[in-house]
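Okay, so here's the structure we're looking at.
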Amino acid sequence: MTEPSRIQVRTADPYPVIIGRGLLGELVESVTGATSGVRTVAIFYQPPLAETAEVVRKALADTGIDAHRVEIPDAEAGKDLAVAGFCWEVLGRIGLTRNDVVVSLGGGAATDLAGFVAATWMRGVRIVHVPTTLLAMVDAAVGGKTGINTEAGKNLVGCFHEPTAVLVDLATLETVPRNEIVAGMAEIIKAGFIADPVILELVERDPQAALDPAGPVLPELIRRAIQVKADVVAADLKESSLREILNYGHTLGHAIERRERYRWRHGAAVAVGLVFAAELGRLAGRLDDATADRHRTILEAVGLPTTYDADALPQLLDAMQTDKKTRSGVLRFVVLDGLAKPGRLEGPDPSLLAAAYSAIAREESPSGGAILL
């Protein structure tokens with residue numbers, strides 16, 4: 001069996017992202033080595049992963065650890081204050097202390113919620129992330145962001161809490177629905193546009209091979225996307241400057257998610273947001289036509305949407321006012337000044353926003369709705 005590869009996230013408290021197959025042994029080692037005297041572990045998992053959670057529990061129990069499974073709601077429904085409260089109650093009931101560890105098992109919503117719970121329980125306990133979706137592997141699990149949603153917006157309540165380790169078990173991708181792979185490609189393609197054009201070349205060479213979890217291309221894309229994020233996070237953990245580039249496509253994307261009450265997959269919303277950001281860059285005279293057009297072509301090649309409701313702009317603008325990058329009511333977007341040259345666009349004129357939105361507007365219902373809902 002091929003040895004796992006490791007990417008070190010070199011923040012003040014460095015941690016590894018381990019990429020491979022069959023990483024149960026690595027998980028046990030990461031948990032037992034997280035802190036001295038680990039006695040209790042809480043495994044937060046989403047319903048489809050009950051069997052996997054039990055395998056993890058037994059493996060930890062075999063080392064003498066008192067391991068507990070804690071089921072949380074699937075997808076964005078889990079990123080709720082009431083769910084976080086339930087998790088805190090469980091941690092209190094099982095007696096989880098600062099010497100103990102939390103494990104997250106699931107998609108991005110699971111890593112966001114479990115990370116938030118770990119960050120706030122006793123002002124911070126160790127957590128090991130085991131992302132099981134493509135999006136979680138290349139984005140949510142790496143970087144230390146945690147959060148829950150409120151009526152005011154997505155991820156507005158949260159904090160930074162870095163994991164002890166992230167275990168990316170590629171074998172889990174062979175059992176997830178294809179739609180999850182497609183949705184996760186949005187974050188990989190984003191990494192290509194902001195930092196690593198080789199990602200774009202690999203996807204464009206054979207889009208279907210890029211979506212094959214059993215083939216050689218997707219693991220390389222995952223490794224490259226994680227490396228991009230690791231490099232950015234190491235330079236700017238708390239999003240004071242450089243890290244904002246990871247939000248490319250997310251300003252409109254988060255607004256779409258909120259308008260759709262989180263029925264759209266995150267990756268689908270970000271895909272539309274990427275095209276919108278490219279159009280903003282083009283119309284602002286900062287991005288060349290070929291690179292702007294490349295956004296739409298590559299996203300459509302893997303089956304992601306690139307348009308949204310024509311009449312939605314007023315609602316989306318309202319939602320974008322709560323975006324974390326907005327300052328004193330001034331909208332701020334990440335745009336490109338060329339391939340792998342991210343920059344910022346502050347306070348764009350309303351006419352520019354309207355023109356960019358007209359380039360992604362559609363009147364009819366979206367095709368391929370299965371990947372959205």
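All residue numbers here begin at 1 and follow the chain in the order shown.
Glycine residues also receive a Cβ, built from the backbone N, Cα and C atoms like all the rest.
Summarising the annotation, Swiss-Prot assigns NAD(+) binding site to 74-79, 108-112, 132-133, LYS145, LYS154, 172-175 and lists sequence analysis as the type of evidence. Annotation source Swiss-Prot lists Zn(2+) binding site at GLU187, HIS250, HIS266.
Here the C-alpha separation of GLU187 (Zn(2+) binding site) and THR172 (NAD(+) binding site) works out to 18 Å. Ranking the binding-site residues THR133, THR172, THR175 by other CB atoms within 10 A of the CB puts THR175 at the bottom. Within 10 Å of the C-beta of GLU187 (Zn(2+) binding site) there are 28 other C-beta atoms, taking all protein chains into account. Counting only the Cα atoms, the space from THR133 (NAD(+) binding site) to HIS250 (Zn(2+) binding site) is about 19 angstrom.
Note: the Cα of ALA77 (NAD(+) binding site) and the Cα of HIS266 (Zn(2+) binding site) are spaced 13 Å from each other. The Cβ neighbour count for THR111 (NAD(+) binding site), using a 10 Å radius over every protein chain in view, is 30. Cβ proximity to the Zn(2+) site centre (mean Cβ of GLU187, HIS250, HIS266, cutoff 8 Å) flags the following additional same-chain residues: LEU135, ASP139, ALA186, LYS190, GLY249, GLY253, GLY267, ALA269, VAL270, GLY273. Calculated from their C-alpha atoms, the gap between THR111 (NAD(+) binding site) and HIS266 (Zn(2+) binding site) amounts to 14 Å. Distance from the CA of THR175 (NAD(+) binding site) to the CA of HIS266 (Zn(2+) binding site) is 20 Å. Its Cβ placed at the centre, ALA77 (NAD(+) binding site) has 13 other Cβ atoms within 10 Å. When other Cβ atoms within 10 Å of the Cβ of HIS250 (Zn(2+) binding site) are tallied across all protein chains shown, the result is 26.
Between the listed binding-site residues, namely ASP74, GLY108, HIS266, the fewest other CB atoms within 10 angstroms of a CB are found at ASP74.
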